[in-house]
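Take a look at the structure below.
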Amino acid sequence: MTARASRLDPAIARRLKRDSAGLFPAVAQQHDTGEVLMVGWMDDEALHRTLTTGRATYWSRSRSEYWVKGDTSGHVQQVRSVALDCDGDTVLVRVDQTGPACHTGERTCFTGRDLPLGPERPDAAPAASQAPVATTGATR
């Protein structure tokens, strides 16, 4: 993949670790509740735009273009802060989310998508989204 031109501060760019496509994950989190809203992808220019405009900007891997969250849906992510993780390979974008964050219309991209924990775990509780299995008492 050809690197896209970026206006990101070189001091910040030096701290970033990117995948082979020049991208890194960006976790969007509601700033006042800590709720994880979604995960998107950024490159250096998307991060630059996010830092300078105050609106979360991502790179669409499927469309190969930048998109500003909320430009078409109205579900804006107003950026409150951005942090780089200890490895330099993920950013945390703390936002004030207007409306749902997920394209499905849910508040988060994780709503209702809990995976079951293995029953062998001593602290495992059934996933909230799973109904208990009815038993008839019959044996095989």
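A Cβ is built for glycine as well, from the same backbone N, Cα and C atoms used for every other residue.
Summarising the annotation, TrEMBL assigns Mg(2+) binding site to Asp85, Asp87, Asp89. The Zn(2+) binding site annotation in TrEMBL covers Cys86, Cys102, Cys109. The compositional bias 'Low complexity' annotation in TrEMBL covers 124-134. The domain 'Phosphoribosyl-AMP cyclohydrolase' annotation in TrEMBL covers 38-111. Under the heading region 'Disordered', TrEMBL lists 115-140.
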Lowest 10 Å Cβ neighbour count of the binding-site residues Cys86, Cys102, Cys109 is held by Cys86
On average, residues of the domain 'Phosphoribosyl-AMP cyclohydrolase' (38-111) score a pLDDT of 97
Helix, strand and coil residue totals from DSSP for the domain 'Phosphoribosyl-AMP cyclohydrolase' (38-111) stand at 10 helix, 29 strand, 35 coil
Excluding Asp85, Asp87, Asp89 themselves, the Mg(2+) site's Cβ centre has within 8 Å the residues Lys17, Phe24, Leu84, Cys86, Gly88, Thr90
A correct count of other C-beta atoms within 10 Å of the C-beta of Asp87 (Mg(2+) binding site) gives 7
For Asp85 (Mg(2+) binding site) and Cys109 (Zn(2+) binding site), the CA-to-CA distance in whole Å is 21
